[in-house]
Amino acid sequence: MKLKFTKMHGAGNDFIVVDAIHQDVSLNAEQWRRLADRRFGIGADQILVVERPVLDGCDFRYRIFNSDGGEVEQCGNGARAFARFVSDKGLSTERSIRVETMKGIIAPRLEDDGSVTVDMGAPRLDPAEVPFDSAGLGGWAEGEDTTWPLPVGGKTVFVSVVSMGNPHAVQVVDDVDTAPVEQTGPAIEAHARFPQRVNAGYMQVVDRHHIRLRVYERGAGETLACGTGACAAVVAGIRRGLLDSPVRVSARGGELSIAWNGAGQPVYLSGPAVTVFEGEVEI
Ligand SMILES: N[C@H](CCC[C@H](N)C(=O)O)C(=O)O
């Protein structure tokens, strides 16, 4: 079976994007994983699938598969690529669209400067919604936030937990370049306190409107940027009294901008969405 795809990225977080409206895209986890494999397949952090909406009032349905083949709830950098793709392919003539995901509705908007701004919806701040098992852990109140002492590799790391539809554990580090992302990222990602695993964020506060961020992503490993990770880090930083909206997020693959005005309010994610090449593959 032939599959048409477009290779894209958002600040270096790279994607295979497929139109499942005009072609049959019924693949299993092993086939998704193989497509995302950087040697045996096309190679990508995630695969983004464009479908007709199910919910009234939505323009599209947006499905996301990590490079390990698992389907997940949300992808912020992917949402920008999704909006660029449906516009470039003529699937939509609107600048702003409403897109349903596994956990909620997001609203990307194409900007005049070529960037895309996405209303990512409101963060979920109750640990049980992340989900995170905090039973018996004893968190520390920091501003409006709580940091949780997580035993990792014989040490204790202090994480904030936030859901953007997908789960995030964010810790503050002095310098992202020397942060032990490779050493502790896998242990946090698979930590038993996160029943659905978790994206592990390492945030360096540069000033109240600027952070540097690395994320060891659930189901993909460290990526050059993580959109929902940037949202979660800024939400945690604002709640801990370390940051003020808007916040510039410097990731290894590029710059993102996050704005959030407090609990119950949507998080806005802005950044690039780039098409690299188009192709067709036999699966
Ligand atoms: N690895 C994430 C999905 C992709 C998120 C990231 N690429 C983004 O831009 O938000 C998870 O399993 O929740």
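Heads up, the Cβ atoms here are built off N, Cα and C, so glycines get one too.
A TrEMBL annotation is a machine prediction, not a hand-curated record.
Non-local contacts of CYS75 (active site, proton donor) by the CB criterion (under 8 A, 6+ apart in sequence, same chain) comprise GLN46, LEU48, ILE64, ASN166, GLY227, THR228. According to TrEMBL, the feature active site, proton donor maps to CYS75.
Residues annotated as active site in TrEMBL: CYS75. In the three-state DSSP reading, CYS75 (active site, proton donor) counts as coil.
Summarising the annotation, TrEMBL assigns active site, proton acceptor to CYS226. Secondary structure from DSSP puts CYS226 (active site, proton acceptor) in coil. Other Cβ atoms within 10 Å of the Cβ of CYS226 (active site, proton acceptor), summed over all protein chains shown, number 34.
For ASN13, GLN46, ASN66, GLY76, ASN77, ASN166, ASN199, GLU217, ARG218, GLY227, THR228, the entry in TrEMBL reads substrate binding site.
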(message) Return the count of C-beta atoms lying within 10 angstroms of the C-beta of ASN199 (substrate binding site), excluding that atom itself.
(response) 27
(request) Within 10 Å of the Cβ of ASN66 (substrate binding site), how many other Cβ atoms can you find? Include all protein chains, please. (result) 23
(request) Enumerate the residues of the same chain, ASN13, GLN46, ASN66, GLY76, ASN77, ASN166, ASN199, GLU217, ARG218, GLY227, THR228 excluded, that satisfy the criterion Cβ within 8 A of the mean position of the Cβ atoms of the recorded substrate site; list them in sequence order. (result) ASP45, ILE64, VAL72, GLN74, CYS75, GLY78, VAL215, ALA220, THR223, CYS226, GLY229
